[in-house]
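Q: Residues annotated as pyridoxal 5'-phosphate binding site in TrEMBL: B:109, B:110, B:138, B:139, B:140, B:141, B:207, B:210, B:232, B:262, B:288. Residues or ranges marked as N6-(pyridoxal phosphate)lysine in TrEMBL: B:233.
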């Protein structure tokens, strides 16, 4: 560590003292003990892959050895495997503001986007031939939307979320939006945009990948029609754990999946030649659920016991505010630009800092134990998972970032 | 156990002696040691859920604790997670007669059927508007085929496999067939039917759920266009483990997936707004792969090391022959009817026995440690996995079946 001017040392000491005070006052601090975190690492990539909940290894070992190894096929009934997609869905439901019977878990986010989008345009019916899709969103949303409208005969209209109200009209069938932009961390106005979509008589499909588990979503309260989300980011389900699909109760009777596999049949073991849709969220199932990943996710969701989402949101904003303050103090002005909105109501739980040196810088941060990620062409991305990231972590990350930028030399 | 007539005892003694001789001579006998089997159980449900390979628990524990818990996001590159769908595909390829670069693992069988069928009709191009689908097959194939043609504008023609040659014509775009019927265990003529499909200028899609790992398939040799298969039956990947998709090398340049998620992009981390398909089998990927299940499957596939598929097929036929012989000897004539063809060239690796008492009988067999399954309305289904089922198992299963049918009372 190089020698610093006295003012730098003072700054660091003050920020560290603040960090320790904030950590001591943090009501979510004990939740960190529910995770196994990499040693001596500040893990700011929970927005990409959540950390390992301590309950997972033992649960998974028992699923493998006892449920699969000893009971074999009997576990489909005796160990509750068959109902796992709905059961795990019910654990996610309160985290996204959904009442019972509307969330089912299975398949990847991309596959669920396809189901949701095709189902949405079918709900909209004839005469509405346009689908608006967020052009700033994660690419897979755009690719899948393009693939879906190619099959349904609709026209894709790429728009920025802010442009949606101006582009809605009698031809709009459905609108696909990301709640939080994966790159910039911008939080979009789910209640307002959903209301605008409804006013135009269209259906709102939300991608919650970067908001589920990071902030209150309020699917039921805001009238969202369909939603999909990832479980391996803020829900800590493990690498590639299955995604979830929300189908609003009011739409379930007319929900018409483009992937009606046998698991969504009203009588799956009847092995009937004709398809009859199951009731409820089950209609969103397709094939045999991936039990190992699904039950790892179920165990992982135990970390939410007693956790208040309002407290999660409050800590998320406090953490990102504090990190920005530390960056502001440690890093020379002009060397980094935050592309995440400063306004709380427009911020998710991650920060995106722009620098032309981003690609080279991130591996150096990782080598020094500050794990974020790089998104082309020039974004350093830092995710702040309130369940296990603390204020001292934020201070350390900002300090290492400043050092690697050369601020302390 | 009730007293038997002397002839019954003689029969049993002779059959047991034969079983012990056949087990002693079985070149695959040592492979059984690679599995953890339920204790004191004859597990004849490997055609539904394969038994637990011994290598899986430790491997999965390490993936969870070290790769996820300690390395976190770094494992996508450092632990080879990103390439797992193709890498595991290469382990399956030789088991289905596929050269390198044509098999990718991910998603459920149903989702892969959708990809394969839509891709097949797109390969067929304009002017061919019919899709033939095996009406005797597993229901999900029919549901998904119906859903696919509804989107592509084709017409579904349900046929029995034997009727396919007579229904092929200039309007046929694609034909979806099951290699082995899930209910009857009948093995269909993949080489002959594929050749007939090609002669009509159409594309052949095969569902290998009940043949992959049970018998040689020869995808490359027989010119199959596209194929899908399950990995949790004879490939022992664990409950709901991801399915595989085969895309013949010659079709890969024109393979046009209806589910082009970011994982199949030529430059997945480029996050580009427009989609450019990756080369090779990777084009069949969709979203983030389910790593826990995928790596459990990878470990499970280790049981195939040094195993010759011709020996597997020979043992499978010998086992099913021997079981039928035991049933024939133990069970009074007329109380059970085998709906699986007697001819070897028409038999998969399972037997289906019909009795009106099937529904009540199977739970009693299971209670006595003979685990098969029931398929409505009147089928007892017994799968013979040559890697871990022996001849003494077959004799015991037939004997218990006879006893429960009341033959020994």
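Placement of Cβ uses the backbone N, Cα and C atoms for every residue, glycine included.
Annotations in TrEMBL come from automatic prediction, not curation.
From a predicted model like this one, the values you see are computed outputs, not experimental measurements.
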Q: So how many other Cβ atoms are close to residue B:140 (pyridoxal 5'-phosphate binding site), meaning within 10 Å of its Cβ?
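A: The Cβ of residue B:140 (pyridoxal 5'-phosphate binding site) has 28 Cβ neighbours within 10 Å.
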Q: May I ask you to pick out the recorded positions among B:140, B:207, B:233 with a CB closer than 8 angstroms to chain A's CB atoms, ordered by sequence, or 'none' if no residue qualifies?
A: B:140
Q: Report the same-chain neighbours of residue B:232 (pyridoxal 5'-phosphate binding site): residues 6+ apart in sequence with Cβ closer than 8 Å to its Cβ, ordered by sequence.
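A: Looking at Cβ-Cβ distances below 8 Å from residue B:232 (pyridoxal 5'-phosphate binding site), excluding near sequence neighbours, one finds B:49, B:50, B:238, B:239, B:240, B:241.
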Q: List, in sequence order, the same-chain residues at least six positions removed whose CB sits under 8 Å from that of residue B:233 (N6-(pyridoxal phosphate)lysine)?
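A: Expected: B:46, B:47, B:48, B:49, B:50, B:209, B:210, B:212, B:213, B:214, B:383.
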Q: Going by DSSP, is residue B:140 (pyridoxal 5'-phosphate binding site) part of a helix, a strand, or coil?
A: helix
Q: Using DSSP, would you call residue B:109 (pyridoxal 5'-phosphate binding site) helix, strand or coil?
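A: Reduced to three states, the DSSP call for residue B:109 (pyridoxal 5'-phosphate binding site) is helix.
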